[in-house]
Structures are given as C-alpha cells and as structure tokens.
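J.: My questions all concern the structure below.
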C-alpha cells in the first residue's frame, strides 16, 4: 500500500461518539415556583416551558450533519433492519386486492379507508447468487426460495399479527436493463460537440462520466473529493428506479397514495441503506406524476425505498420468524399467491419468462454498465475491436475501442475498491499551482511576461480525463463481494447440506485462499443466472412504444425511462 494512502482513507465510517458534534440545545431545569424569590430577576435563558417534548434526531439529520457520521452503518442498521420489516408487517395489515373483469386489481373501499399497506419487494441478482452459493442450489432455485419466503404460505404469511406478506417481488435486473441503455445514451451525448447535443449542458455530467450506482463510492466522493461530483452520472440506481416505478404505477393503477405502498429492497451491501435515506430519492422528483391521487397522508416525504436489508439480514429475518429457508419449496408460487400486475404490458415487462442463456463474464459482477457502453459503441462502429489492458490488479481494467485501422475511438475503465479509487481520483484532480521557491515555470504567455509556476502534479493530473466512462464500485471484486453478503463463516452455520460449501468444512477461521474460493463460488452462481435474451426487449435503444402508451401521462424522464 502506498505511503500516501493511510488506513483511515480506506474506511469512511466513523463510529458515532458519546457527544454529537451538533447537539440539541437544552435549557437549564426550571426551579420550583415555591422556592423562587418574588423579587428575583430571572434571565430569559433560564426560563423553560413545562412538559417539553423529548428532542429527536432522525437519520436524515445525522446524514445532513456530516460531522460524526459518514457512512453511518451503526445508525442505518438500527433504523433499517429485519426488525423494521417485522414491525411494519405487524403494524399494518396487507391491502386485499380484488380483480376487476378487465384485469387490473383494485383495493376494497373498506381497506382503502384503513391503515393497510401494499407490500412490494425488489431483490438484486447478487443476493440470489449469495443464497445459491450458500445452500448449493441454482440461481433460479434461489429465486424460488426468496419468493416462497416473502409471498408464500410457508413464509412470512404463516406468522405475524396480520399474516401479511409481499404481493409482488421484483428483480432489479429489469430496471437495470433500462438504465444500461440510458447510460450509453448519456455517455454518447457527452462525446458530441456542444452544438449537436440533444440534452442541455447543465443536465449532462462532465467527461469522464463516472458511474453513480454505488452509494459507498458516492458517499466517499461527497465527503472527501467534491471536485469529482460534476462527473457523476445523473441516473438513478436500479434500486431507486425500481422504487419510483412501483410506487408511481401502483399508486395510479390502484388509486392509493404512494405512502401506502411499502417497498423493501434486499441488497448486497449496507451502503444501500444510506442511498435509500437520501432526500433526493423521494417523491419530490416524481410527485407531479399522480394527478388527482393524494400523494401522502401526511407532510412526510415518500421515499423510493422504505427499508433496505442485506443478504445476511434476510437470513436473520427468516430466523426471527422461525423459518428455515432450505426447507421452503424450491418451486414457483401458486397463482393464488402471485397476482398479476395491474397492467398486462407491465406484468410482462416486470415478470418476464427466462430462458437458459448465461450472463457474460465480461460484463462483471456489478451490473455491466461499462460492458454495455462498450458494446453499444462497438455496434455503432462496425469492424471495431475492444482491447483490454489490465492494471496493477484485477480490479483495475482499461478498455480501448479500436477502429479497423488501429485508431482509438474511445477509452473506458473499471475501478473497484477504495485503494484503486484513490488512484482514479488522483488522475482527475485538477492541477495545483506550486508555490515552492525554485519551481519550474512555463514560457511567457501571449498575454504578457508573467511567469507562472508549474505544479509537480500537472503531468499526471487530469490524465484520467481521456476516459469516456468509468465504472466505479467501492467493493473489491464488485457487488458480489458486498459487505452485506453471506460470508463463508455464515454459510457454514446456515447451510444444511454437506455439499453446499465445498472445501470449507474446517470450522477454523477461513484463510485468504478459502475466502477467494468462496467469492469465486458466488461469482459462478451470479454468472450462471438465467437471463432473458428477449428481455433486452427493445432496451437496446429506447423503451418500447407500448410501454410508453401504457404509462399514459406519466413523464418517463422523471423516473429515468427516457
């Protein structure tokens, strides 16, 4: 590790201290009126009203403070956890849905007047891969396991105060496919001349465009390197876009406020909790979409995602209800537990049938943003070739799209892990003028003879700007190695099959070799996931006209589908 890089730079989390850096002001205790001297003068700062309500500091307050909390894992885990899921399921009954003759579902009038909720969930492919590796099952069977647990009769619906479960469980890959197309369009616009751009300069990121789907990377950039913020992609992550899509569509189709749609996201990392807590990812951006339907039942903002739990917390959630995940039926749910989405086109879009094609290993384990950008530009340049050059380690890879004549058409890169991100940030950092005596100076400029010193970093600074796009992820190895994934130690305890975890039967602490083997096992499950070839729907260019028509007056640009 470089001497410039300290251990503190690799961890952006600071544990909350005993005293908050921005404490709530408290007034001195009011003395009893009997003991006061009637002629005594009391200053204003010693007067305290009776029966003051207790002071409260929310998660949003902590994150906005930027003082003692950065990634705020301790606070996030306590506020967004399996306990929050159980408390919500027990606090609100599930909204009963009835099907009309023409197909769409609507809630009963009695239920709409009560406190019932529509429970929906979204699951990332990395979560399914982790479960598949843990229990020695296929990725498809892991999907069945999650569906049975969240929506089936032997899962969450088998217990709790109201027997509530999740009406729909959505794969985040669906919205990811839409974001892949939008990412390629965004990069394409930045490469055009300003006069030829269809999007205004203010809404476009600077080159190179940096991916914005990883909240750990975003938190790090905001806290320590704000100069890279103009380079961040303007697109939402699949988690946030899925929440926006579900809440807007269900609210409009069922005639309920978005606040009555409760969205749980199951993700591979804890920082996704931080993302869900951001003020920007609320109904502020999409509230005008639901004309006529009351947006909220209070003045509180409606979040895209109400709660995030990780893969490990999913195991804890099952354990809290006394449910063993491996004992659940590894088959699709009965039709009575899988209601159609309130629109046939959207139902086919969200719950598309899968075939046996595999995901490309070239796309990586973090969504394939960079891979899709490269393939899109290669398709626009017939005969071109993608040349790969590995960096100092496997988490740094540079890509060049070469013309048939050997000329570079575009460059892109992948940077995973904070150690490598430090090097990327150093390349993007603006050159700083050196004020040291004896520094080299350039020749006099055309405007005069004033001599300017040259920064010693000027040669390397800005060398990363020749990239068109950079896929940046905080976790080494990508999202399958997220901090919330099932660890090899957890897999030993959770597994009930002797074949589920190979070569790790020794109960001692796993060696680095065993940890790498375990990550490779999760990656194998991820890449073997059955994807839908026709699922590329018409996402290669734009959302289908039929989808636009079904969404009617909804502004697709507001939810990232255009």
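Glycine is treated like the rest: Cβ placed from N, Cα and C.
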J.: Between 28-47, 48-67, I'd like to know which one Swiss-Prot lists as region 'Disordered'.
T.: 28-47
J.: Please state which member of 214, 219 Swiss-Prot lists alongside 269, 475, 479 for binding [4Fe-4S] cluster 2.
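T.: According to Swiss-Prot, the candidate sharing the [4Fe-4S] cluster 2 site with 269, 475, 479 is 214.
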J.: Looking at 404-425, 492-513, which one is region 'Disordered' according to Swiss-Prot?
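T.: Residues 492-513 are the ones Swiss-Prot records as region 'Disordered'.
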J.: Other residues near the [4Fe-4S] cluster 2 site, CB within 8 A of the CB centroid of 214, 269, 475, 479?
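T.: Those within range, site residues removed, are 216, 268, 271, 366, 473, 474, 478, 481, 482, 483.
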